[in-house]
Structures are given as structure tokens and as C-alpha cells.
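Student: If you look up TrEMBL, you'll see 4-137 marked as domain 'Alanine dehydrogenase/pyridine nucleotide transhydrogenase N-terminal'. Sequence annotations record features per position, and here TrEMBL assigns substrate binding site to Arg15, Lys75. Look at TrEMBL and you will find His96, Asp270 tagged as active site, proton donor/acceptor. Taken from TrEMBL, the feature NAD(+) binding site covers Ser134, Asp198, Arg203, Ser220, 239-240, 267-270, Arg280, 299-302.
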Amino acid sequence: MIVGIPKEIKNNENRVAITPAGVEALKTAGHEVYIETNAGIGSGFTDADYKQAGAIMLDSAADVWAKAEMIMKVKEPIASEYGYFRQGLVLFTYLHLAPEPELTKALVDNGVVAIAYETIQLPDRSLPLLTPMSEVAGRMAVQIGAQFLEKPWGGKGILLGGVPGVLPGKVVIIGGGVVGTNAAKVALGMGADVTIVDLSEARLRQLDDIFGGRVKTLMSNSYNIEQAVKTADLLVGAVLIPGARAPKLVKEYMVEQMSPGSVIVDVAIDQGGSVETIDRITTHSEPTYVKHGVVHYAVANMPGAVARTSTLALTNATLNYALQLANKGWKQACQDNAALAKGINVVGGNVTFEAVATALGYEFTAVEKVLA
Ligand SMILES: NC(=O)C1=CN([C@@H]2O[C@H](COP(=O)(O)OP(=O)(O)OC[C@H]3O[C@@H](n4cnc5c(N)ncnc54)[C@H](O)[C@@H]3O)[C@@H](O)[C@H]2O)C=CC1
Ligand SMILES: CC(=O)C(=O)O
């Protein structure tokens, strides 16, 4: 198979979908790899590194998209890339379609086989291609939140860990999955007072065990969220219902009760965001805006800022699946691997992921039907 890797063009997206080690693995399995010039620069991989591993470098993105049978990316394509879509092209990348009606329409109209990293799901319900970036974003959420709590960055002037004689800052994390757990690790490491809110009693018990009682756990309901949010210095949005639009759990009236200079980092923004006052996606260039006196951060590609770490972590997880797709073709690979089949969101003009179909008003086609 011919595999193409274009350079990422989203704002400050420095990750790349393959490393030289990945190129070597695909070449060894008998595939051709075309990579756009300078695609790896933001992650510290040069064109020479890729050539040495056996890739062919191409100067234009258009050539990479045109020659490839499967495109591997990191972020969901942006509008200027929709023109490259064509019938039968396999697109393997993060897609987050539920809040993206235009991208979904372009994939449907052009008959692309769109396989989303974030909905590939193992029998234990874990999301192996989302997990590494959720680990990164969860850890970053507190690091970034701590910075924006500083006065010069618009915050209230709180040091999360406090100092002897002064209470620590309060971090409230809504969603105790991978992002939430990693955010809690960093917040505890800084000495903050940490509360995690989740809907699952079993998960809250696990978190209580994992952290040896050092985090406070709270059942998710509107009353508890209001009580927790109004006293938070840093609020981290970390909920997920796989493939679906994030539920807006933090209402505007709750944000209005937060004290001025508090900070919200809504990591769940890639699925539409979990905070009502987040009405736009922000970028690494302009990461925040202030509403009701509260600093809002809603960057949908947080790991792009720590690209070297993120590219290595992401490709550790994606390569094995990319090899299956390239070795067997998408249909056979998905017939053989039920976890991979859960990644198929759009194929042959059909929406095959139910939460996406529901969010965007498409008829749902069961994936088993397209794999038959
Ligand atoms: N902005 C960015 O750059 C990045 C964003 N993300 C996003 O972060 C979000 C979280 O991802 P993960 O932690 O990997 O998901 P996860 O599936 O590991 O955790 C989600 C948690 O949310 C909980 N939850 C669901 N509904 C809830 C409710 N009503 N109240 C409270 N908790 C609820 C679940 O029980 C689960 O524990 C996703 O949208 C993911 O795509 C991930 C990486 C980077
Ligand atoms: C998960 C995702 O969309 C990201 O890492 O950018």
C-alpha cells in the first residue's frame, strides 16, 4: 500500500503522524511511504531522517494526498484540506466528528473511508489511540492552568501549592478518566487541593484507591458540580462519552459564581466542550479569553505544543493499527480486529458511528453492514 503523511497545518500543530521508526516498519512490511517535506521538523525529525528510513519526500501536500491510498494524520483535516478527499481514500487520524458537521459532510460526500483514532475501542472499553494524548493533555492542563492563575497572565494570583501558612489552590476536575487522572497527578504533585467529579461510582472508588485518599471524589450531578465549581481556582473539563458531543455540565450561572481570575481549562473542547461559557475553540497563538471575569482556555490540540513527546507517544500507539490497515486493506483489517472496526466513522457515504450520526442528524449505518 502507498501511505502518505502530509505536514500538519492546524495552528501550532507540531506533531507528525509517523516517526522514522514507523517508516522503517512500514517499508519492511513492503509498503511505500510518501512524506511531505518538513513534516517532522516540529517534532525534531528531519527529512534526512525519514529518507534514511526509506521514505520518499514530496514537496507538496497535494502530491502526498494524490499518491497515497491511505493518509495518516494527527489532527482532523481543516477546510483547506477537504479538496483532497476522494472516493475510497483511507483517512486514519483524529476526527472528532460530532462537533464538526462540515468535515463530516465532506467525508460523506466524497466517499472517504474515515477511521478515527479516538473511537478505536478495546473490549475493556479503553481507547488505546486516545489514551496517550489524554495523558499528555491531562498533565498539561494543570501546568497551563497554574500559569494562567498567575497575575501577569490574567489570573487571580494564586500559587496552586500554596506555601506554609497559606492554603493551597483548589483544582476541580470534571471527568475522572485518563485526562482527569493525569491532571490530578500533576495537581497533587504541585500540592493543590484536588477534587475529581465523575458519574461512575466504580471509577470514583478506583480513584480513591489510586490516590490513597489524597483526592476528594464527588458524584457528578448538577448540584455537586455547582458547589465544586464556585469555589474552584482551576477547573479542568475532562468528560467524554466516546464519539459523542461532550455534555455541557458546567452551566453559565455556575461560571458566574466563580471568583474573578479563576481559570477554566476545557480539555474536552475537541468533542465540543463541557462548559457552557466556552463558545469558541482557542489556539496556541491566542489560547484564552475572559468571560464573567474567568480566564477560559479551549485549545483543541494541546499536545501539539509538546510535539516531541506527543509524536513519540502517539506513534507508539498508532503504528500497529496502521500496519494492519496497510497489510490487509481497511476492510479485512477491520473484519479481523473489532477494536479497529470501532474506529470507522464514515465509509462509502455512510455514517457508521452511532453517536456521530445522532449528533449530526445522519441516518446510522451499522459498521457490520459495510464490513459484510
Ligand atoms: N484538547 C486536547 O488537546 C485534547 C483533548 N482530549 C479530550 O479530553 C476528553 C477526555 O478524554 P479521556 O480522559 O481520555 O476520556 P476517558 O473516557 O478516559 O474519561 C472520561 C471520563 O468522563 C466521565 N464522564 C462521562 N460523563 C460524565 C458526566 N456526566 N459527569 C462526570 N463525568 C463524566 C467518564 O465516567 C470517564 O471517567 C476527550 O474529549 C478527549 O478527546 C484528549 C487529548 C487532547
Ligand atoms: C486527541 C486530540 O485530538 C489531540 O491530541 O489533538
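Cβ atoms are placed via backbone N, Cα and C, with glycine included.
Those TrEMBL annotations? Automatic predictions, nothing curated.
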Student: Long-range same-chain neighbours of Val267 (NAD(+) binding site), Cβ under 8 Å, sequence gap at least 6?
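Tutor: Counting only residues 6 or more apart in sequence, the Cβ neighbours of Val267 (NAD(+) binding site) under 8 Å are Ser134, Ala137, Gly138, Ala141, Val179, Ala183, Val236, Gly237, Ala238, Met302.
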Student: Within 10 Å of His96 (active site, proton donor/acceptor) (Cα to Cα), which of the recorded positions Arg15, Lys75, Arg203, Val239, Asp270, Arg280 do you find?
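Tutor: Hits: Lys75, Asp270.
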Student: Within the set Lys75, Val239, Arg280, Ala300, which binding-site residues show a CB-to-ligand 1 distance under 6 A?
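Tutor: Only Val239, Ala300 meet the Cβ criterion.
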Student: Ligand 2: which of the binding-site residues Arg15, Arg203, Val267, Arg280, Met302 have a Cβ closer than 6 angstroms to it?
Tutor: none
Student: Within a 10 Å radius of its Cβ, which of these recorded positions (Lys75, Arg203, Asp270) has the fewest neighbouring Cβ atoms?
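Tutor: Arg203, out of the recorded positions Lys75, Arg203, Asp270, has the fewest neighbouring Cβ atoms within 10 Å.
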Student: Which whole-number value in Å describes the distance between the Cα atoms of Val239 (NAD(+) binding site) and Asp270 (active site, proton donor/acceptor)?
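Tutor: That separation, Cα to Cα, works out to 11 Å.
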Student: Which site among Arg15, His96, Arg280 has the most other CB atoms no more than 10 Å from its CB, taking these as recorded positions?
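Tutor: Buried the deepest by this measure is Arg15.
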Student: So, by DSSP, how many helix, strand and coil residues make up the domain 'Alanine dehydrogenase/pyridine nucleotide transhydrogenase N-terminal' (4-137)?
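Tutor: In the domain 'Alanine dehydrogenase/pyridine nucleotide transhydrogenase N-terminal' (4-137), the DSSP-based counts are 51 helix, 21 strand, 62 coil.
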Student: In terms of Cα spacing, which of the binding-site residues Arg15, Arg203, Arg280 are within 10 angstroms of Asp270 (active site, proton donor/acceptor)?
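Tutor: The binding-site residues close to Asp270 (active site, proton donor/acceptor) (Cα within 10 Å) - there are none.
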Student: Write down the Cα-Cα distance for Ala300 (NAD(+) binding site) and Lys75 (substrate binding site), rounded and given in Å.
Tutor: 9
Student: Restricting to the same chain and to sequence separations of six or more, state which residues have a Cβ under 8 Å from that of Ala300 (NAD(+) binding site).
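Tutor: Correct list: His96, Ile269, Asp270, Ile281.
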